Each structure stands twice: as structure tokens, then as C-alpha cells.
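S.K.: My questions will all concern the structure given below.
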Ligand SMILES: [Zn+2]
């Protein structure tokens with residue numbers, strides 16, 4: 001009689017570990033494979049990035065499936081319809097955003113952002129040749145001219161991101177399409193006038209001296225209220241700072257241009273559609289590419305998943321680099337279940353790119369963010 005082993009008798013942890021080991025090669029093989037993938041697609045790779053890219057910059061991966069917040073399930077995000085219709089919702093949003101924006105504004109890119117920027121523009125971080133002045137009486141030998149700078153072609157042509165933090169552009173990436181918009185702009189919902197978010201912050205500070213005082217005290221103490229990735233902040237107990245400070249006291253302006261419209265951050269809220277033009281640009285980027293590299297996204301949002309599906313349907317090779325499972329794993333030709341900073345930096349080195357800034361920081365926090 002043959003012994004039959006029921007799947008129930010295999011520990012779930014062991015099963016998961018084996019599945020992951022089979023799906024993701026050892027680090028050194030991953031470096032070689034991904035470097036080949038980029039060489040083969042050169043210079044026409046499209047990159048699709050998600051929140052996992054920014055966790056090394058300590059911006060939490062907050063947007064779970066179905067619009068839930070993974071780090072703080074009790075937190076209720078502002079929905080588009082509520083923001084449009086309700087003064088109360090707008091006060092609540094802007095109060096939290098007022099406190100949450102300064103740390104977002106000053107967040108630095110991490111090695112993932114820098115490596116992707118270098119893979120797109122290899123000359124970006126090249127050191128300028130050192131200029132030396134010959135000393136007097138020093139014999140001057142003939143020297144070969146320094147190697148020509150900035151002639152190596154890049155591997156990446158376009159980058160589409162689900163992130164709203166602007167860190168790819170800050171690291172030096174170009175041709176960036178922001179699927180969910182950007183936190184660094186506000187736009188009038190009536191006439192479409194755009195304001196820089198930093199300028200808008202100053203307007204909010206002028207109109208809300210008490211809130212500004214709270215913000216200053218947070219800056220001084222370094223104790224920020226809890227921040228979510230869209231710039232919202234979980235206020236601590238009002239008693240902690242000021243018993244009568246409540247978001248319904250927060251004052252926000254009408255549009256400086258039309259005088260009646262209200263500003264909204266240029267991010268796509270839950271319940272809001274992605275602009276058609278952005279959809280078209282991101283679609284075209286996939287169709288014109290020789291390969292799609294997904295970095296730091298679970299692809300749980302359909303706007304991102306559909307691009308991977310489009311690549312698959314169009315016969316475009318797909319590589320997915322994400323710590324943890326993704327919705328597109330079954331569509332990927334190459335799959336790496338690991339953090340992006342270390343692997344992308346090693347791949348960039350493998351492809352001859354050096355002097356890429358940034359060290360991996362906030363490691364502990366990153367591991368916490370993914371529940372390890
Ligand atoms: Zn307006």
C-alpha cells in the first residue's frame with residue numbers, strides 16, 4: 001500500500017517557502033538574468049513602479065487591495081465624491097495634508113530610484129574629469145584624452161509609476177508618467193488652474209496660524225503625527241497639543257483664478273478615474289517597448305495590472321521584481337521575490353554603471369513595513 005500524503009499534512013509555511021524558492025533564483029543569478037533582460041530590450045524597456053519603490057525612503061506602502069490601508073486599517077481615506085461634495089471632507093483632508101506634506105516634500109530618493117535613473121541615463125551620475133594644473137617645471141607627458149562622457153545609451157526609455165511622491169523625477173528619471181498623479185501640485189476643480197503644492201502650503205499656513213504652530217512644534221520636536229503615503233496624517237489626541245484644535249476649524253482658500261472653484265491635490269483619489277490622456281500614454285509606452293520591468297508593485301490596482309496584461313497579450317517579455325506575491329506573477333517571464341534596491345544596484349554595476357548615489361537606509365523600517 002502506497003503512502004499518500006495529503007496536502008493538509010504539509011505545513012503551510014514550508015509550502016510557501018518552497019514556492020518562493022522555486023519562483024525566485026539566487027541573488028547572483030538574478031543579477032545576471034535581469035542584466036540580460038535589460039540588454040536584450042535595450043534601449044526600449046518600460047518600467048512600471050509602485051509603492052514598494054519608496055519604502056526604502058520610509059514612505060509606507062499603504063494602499064492595500066480594495067482601497068484599504070495596510071498599515072492602519074482603521075484609517076478611512078478621503079474618497080473623491082466626498083471631497084467634491086463636502087466642505088467638511090475638504091477641511092479634514094487639507095488639515096491632515098497640511099501637517100503631512102512637509103515630510104513628504106523633504107523625503108529623499110533611495111537606491112531604487114537612483115539605479116532606475118542611471119539605467120535610463122547612464123551619464124547622469126558620472127564624475128566629471130578631475131582638472132589638474134601642472135606644477136611648474138613638471139614634465140608633461142602626453143596623455144590620452146579622457147574617455148568621452150555620456151555616450152553610453154540607456155536601457156530604459158519610459159517609466160510609469162503608481163507613486164505620487166515625485167521621487168523618480170527627483171532622482172533624475174525622465175519620461176515619467178504618473179498614473180495616480182502627484183502630491184506636488186494642486187489643481188482647481190472648476191477652471192483647472194494649477195498651483196505648486198509648496199506655494200499652496202504657505203497660503204494654508206497664513207490662513208491657519210494655530211495649525212501652523214502645531215506644525216512648527218512637530219518640526220522642532222521631530223515627533224510627526226502619523227503619516228500615510230498620500231500625505232494625510234493621523235492626528236494624535238487633540239489634547240496632546242491643543243484641546244480645541246479640530247479639523248473643522250481648518251481654513252482653505254477658493255481658487256485664486258476663478259474665485260469660486262476649490263483646489264484638489266493632483267492625485268487620483270479613491271473613487272476617481274485616471275485621466276484618459278494618462279491611460280493612453282501609459283498604454284502607448286507598453287506597446288512601443290521591447291520589455292516591461294515591474295518594480296515594487298503588487299499590481300493589486302487594476303490600472304497597473306492592465307498594463308502587465310497588455311504586455312503579455314502583446315508578446316512583450318515581463319520581469320517582476322517585488323518583495324512578496326503579486327497579481328501578475330503568472331504573467332511574468334522572470335520573477336524576483338526580493339527587495340529592489342540591492343538587486344537594481346547590483347544590476348546597474350553589472351551593466352557598467354558606477355557612482356550611483358544612495359545607500360540602503362531605513363532597512364529595519366522597510367522590513368517592518370512588509371510585515372517581516
Ligand atoms: Zn478656478
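Here the Cβ of each residue, glycine as well, is placed from N, Cα and C on the backbone.
Sharing the feature lines straight out of TrEMBL:
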- 24-354: domain 'Deacetylase sirtuin-type' (DOMAIN)
- 134-154: region 'Disordered' (REGION)
- 135-144: compositional bias 'Basic and acidic residues' (COMPBIAS)
- 180: active site, proton acceptor (ACT_SITE)
- 188, 191, 255, 258: Zn(2+) binding site (BINDING)
S.K.: Near ligand 1, which of the recorded positions show up if the criterion is a Cβ under 6 Å from one of its atoms? Options: 180, 188, 255.
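M.R.: The qualifying recorded positions are 188, 255.
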S.K.: Would you find the one among the binding-site residues 191, 255, 258 whose Cβ has the most company, meaning other Cβ atoms within 10 Å?
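M.R.: Counting every other Cβ within 10 Å of each candidate, the maximum falls on 255.
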S.K.: Determine the Cβ neighbour count for residue 180 (active site, proton acceptor): the number of other Cβ atoms within 10 Å of its Cβ.
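M.R.: Residue 180 (active site, proton acceptor): 22 neighbouring Cβ atoms within 10 Å.
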S.K.: What other residues of this chain sit with their CB within 8 A of the center of the CB atoms of 188, 191, 255, 258, the recorded Zn(2+) site?
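M.R.: Here the nearby residues are 189, 190, 192, 193, 254, 256, 257, 259, 260, 261.
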S.K.: Round to the nearest Å and give the CA-to-CA distance linking residue 255 (Zn(2+) binding site) with residue 180 (active site, proton acceptor).
M.R.: 22
S.K.: For residue 188 (Zn(2+) binding site), what is the secondary structure by DSSP, using just helix, strand and coil?
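M.R.: Looking at the DSSP assignment, residue 188 (Zn(2+) binding site) belongs to a strand.
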S.K.: Given residue 258 (Zn(2+) binding site) and the residue listed as 'active site, proton acceptor', what distance in Å do their CA atoms have, once rounded to a whole number?
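M.R.: Rounded to the nearest whole number, the Cα-Cα distance is 25 Å.
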